[in-house]
Every structure is written in C-alpha cells, then in structure tokens.
Amino acid sequence: MAAAVDTFLFTSESVNEGHPDKLCDQISDAVLDACLAQDPESKVACETCTKTNLVMVFGEITTKANVDYEKIVRQTCRDIGFVSADVGLDADNCKVLVNIEQQSPDIAQGVHGHLTRRPEEIGAGDQGHMFGYATDETPELMPLSHVLATKLGARLTEVRKNGTCPWLRPDGKTQVTVEYYNENGAMVPIRVHTVLISTQHDETVTNDEIAADLKEHVIKPVIPEKYLDEKTIFHLNPSGRFVIGGPHGDAGLTGRKIIIDTYGGWGAHGGGAFSGKDPTKVDRSGAYIARQAAKSIVAAGLARRCIVQISYAIGVPEPLSVFVDTYGTGKIPDKEILKIVKESFDFRPGMIAINLDLLKGGSRYLKTAAYGHFGRDDADFTWETVKPLKWEKPQA
C-alpha cells in the first residue's frame, strides 16, 4: 500500500471481569438469569454497586421465581476470583445488602397490561434510542480496535485462571490504538500503533516479569503478527504498581461500561445500559436487534459498514423511527436498505424477545456481562445470527 495514504489513529478500551464495574454488571445479569430460568415472564431491573467489603443489589423485580440474591452475589464474586480481601473482595465474608421492590404498577399496565397482552402488543418498557453497528474489517464484523482490546482482557483472565501467570489478580484494563485508513467510508486497519495493559498483580512479581509475561502469554496469542511491527508501542502496567484492585481499589456500579459492552467508541450509543434488564427493556433488546440488522446488511454485501438506529416510546410496541446509514459504502441507496431492514426485522419488543429467544435464563446473560455483547461466537448470542434479508438482488 502506498505510504501517501492518509491514515488516522482510533483507540478502544476494555476491562476484564474483575473490574468493579464489570463485577456489578455480572451480578445484575446473574440475578436476571436466575429469575428468567424459573419465570420467563420476570420483569427485572437489577442494579448492583460495590466498594470495599460490600456488595449491594437493588432495583425492581416482579417474578414468580424464588431467588436467593445473596447466594447469587457470593457465587458470582467467587467465580470471578474474589476469594480474599487481598485480591480486593472476599466473596464469603463480604457484606451483602439487598433492596429489591416490585415493578411499579404504572409501568406494568403501560407495558404489558399486567401480562394480559399478546407478544405483538407488548409496549416498549421505556422511551429511548438504540444503535447497532457493523463493519467488514474483521470476520466477526466488529471494529478491530474493540475486538483486540476485548480479547486481550479475556486472555488476561484465561492465563490467571489456568495458572499460566499465577501472579495475576482479577482486576485489569486493556486499550488498543489501531492505525486505519478510510477507503471511501469503509475502515481498513493497517497496524496496531499502541497496546496498553494495566493488570492487578500480587506482591511477588517484578515489573520486568509482568511485562515479559504479558508480551509472551497475552499479547502474542491475541494480536495477529501482521498488525505488529517494530514501531508498535507497548505500555505494560505503566503506573508501576497495581496490587490493590477490585472493589477495594475503586467503587463499582452496573451500567458504567456501556462502550466496552458495544463497539468500543465506534458507531454511536443511545446511553442505555444492558445488564440486569429483562427483554421488555428496549435499552437491551432494541440494541440487540439493531446489531442483528446492521450485521445482516454487511454480511449480505449490501454495505461494508453500517449503523442502524431505532427509537421507542413507553407503552408503544412499534418503533417511532428507524434510521440506516452506510457511510457511503452501500451498494444501493440507504433509503432502499432502510426499506429492506423494515421488511426483514420486527422491531416490536415482544416479537424481538421471541425471535431472538431472549426469555431464556440459565447463564445466558451472565456470559454477555463481560467481554462484550457483540461479535461473540456463541449460540446463546442469537442476535449475532445473520438474517437473510428480503430483497431482490439486481440481475448481473
């Protein structure tokens, strides 16, 4: 490629499952999973906050399920690796507070008529606007900067849990800067410019050992060699010390990592968080169907890059607006693609829940609560399934 091409730098970050905000996301979604597993009609809005030696779950839940909230909190913390005060939280001995009430009857009658409505009549649980995004720069049709930052975070956890790097502790953050060029609206990654990893560690390890292990066991297996060169910059634990972490280091709250959960700063975001919300909450289900729409457009070859916006009013099933922009990469005009999207996707919340099988609990939502909701290769991530679009391909 000619060196004269104008390039730019774009950065995405991620945090791994031991970050206090992500711990809260996972607890909120573990509660949602437990409710849906017993009662698929559960209405859940579960928030979590944490600080040293304390976790609190609070919100509105209406369910027939019999759920032991404290047990779920402790189990989720334990599974992440918070098993002693040294690492930032002791799952078995921390204080757990629960303040959960029923969903407001005013909201209930407006959204689902106290469970009397058919799925296609269920109204949106709130107002709001959501975005879905897709780009052809990676096989998962996600931005490379975001994919790499996310995979580095997941790999950090993997080498901690499998004993490869026994000095690791649960909390950690990653950030990747990619050099791109703009090919008529499509994003083409050229190289990785900077890799930043800050990970919690124990007292026994030196900064040199940390840097060597991170390069060998985390960066090398994750970032394809073709993107690294002698100019790539590495910042590995640049603060010099990160022993205190998890809720001991920082307070955590559900819904504070919404860009990490989505597209790493690419596309756009309507502001609504995902975790702890059942599918009548369009913050979540709307964003999931918008991703499926955008991904299906790019996968069908209709565009190289695409964003879809939808918006809702509380109690109203049909979206108020649907918007599509292909950044000039569309094979046909955007207004034609918009028509295809409207014919191919049912954006009513009750139908999204059925078509994407969103009423299923288990560990379904817990899995989404760390390492991103999109671009994941897992059958439970039903919104990642490419949907055949209803359109007449122009004859060659």
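Positions of Cβ are set from backbone N, Cα and C atoms, glycine also.
The Mg(2+) binding site annotation in Swiss-Prot covers GLU13 and rests on similarity to another entry. The ATP binding site feature in Swiss-Prot is assigned to HIS19, ASP171, GLY172, LYS173, SER239, GLY240, ARG241, PHE242, ASP250, ARG256, LYS257, ALA273, LYS277, LYS281; the stated evidence is similarity to another entry. Among the features that Swiss-Prot reports, K(+) binding site is placed at GLU47, with the record citing similarity to another entry. Residues annotated as L-methionine binding site in Swiss-Prot: GLU60, GLN103, ASP250, LYS281.
Shown here: features listed in Swiss-Prot, placed on the structure.
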residue	record	DSSP (3 states)
GLU13	Mg(2+) binding site	strand
HIS19	ATP binding site	coil
GLU47	K(+) binding site	strand
GLN103	L-methionine binding site	coil
GLY172	ATP binding site	strand
SER239	ATP binding site	coil
ASP250	ATP binding site	coil
LYS257	ATP binding site	coil
LYS277	ATP binding site	strand
For this session: Enter the number of other CB atoms within 10 angstroms of the CB of ASP250 (ATP binding site).
Result: 17
Exercise. Nearest to SER239 (ATP binding site) in three-dimensional space, by Cα, is which of the binding-site residues GLU13, GLU47, GLU60, GLN103, LYS281?
Worked result: GLU13
Exercise. Across all chains shown, how many C-beta atoms besides its own are within 10 angstroms of the C-beta of LYS281 (L-methionine binding site)?
Worked result: 22
Exercise. Going by C-alpha distance, which of the binding-site residues GLU13, GLU47, GLN103, LYS281 is nearest to GLY172 (ATP binding site)?
Worked result: GLU13
Exercise. In the structure shown, which of the binding-site residues GLN103, SER239 has the fewest Cβ neighbours within 10 Å?
Worked result: SER239
Exercise. Which has the fewest other Cβ atoms within 10 Å: HIS19, ARG241, LYS257, LYS277, the binding-site residues listed?
Worked result: ARG241
Seminar exercise, completed: Nearest by Cα to LYS277 (ATP binding site), of the binding-site residues GLU13, GLU47, GLN103, is GLU47
For this session: Using the residue listed as 'K(+) binding site' as the reference point, find which of the binding-site residues GLU60, GLN103, LYS257, LYS281 has the shortest Cα-to-Cα distance to it.
Result: GLU60
For this session: Sorry to bug you, but what's the C-alpha spacing from the residue listed as 'Mg(2+) binding site' to LYS257 (ATP binding site), rounded to the closest Å?
Result: 10
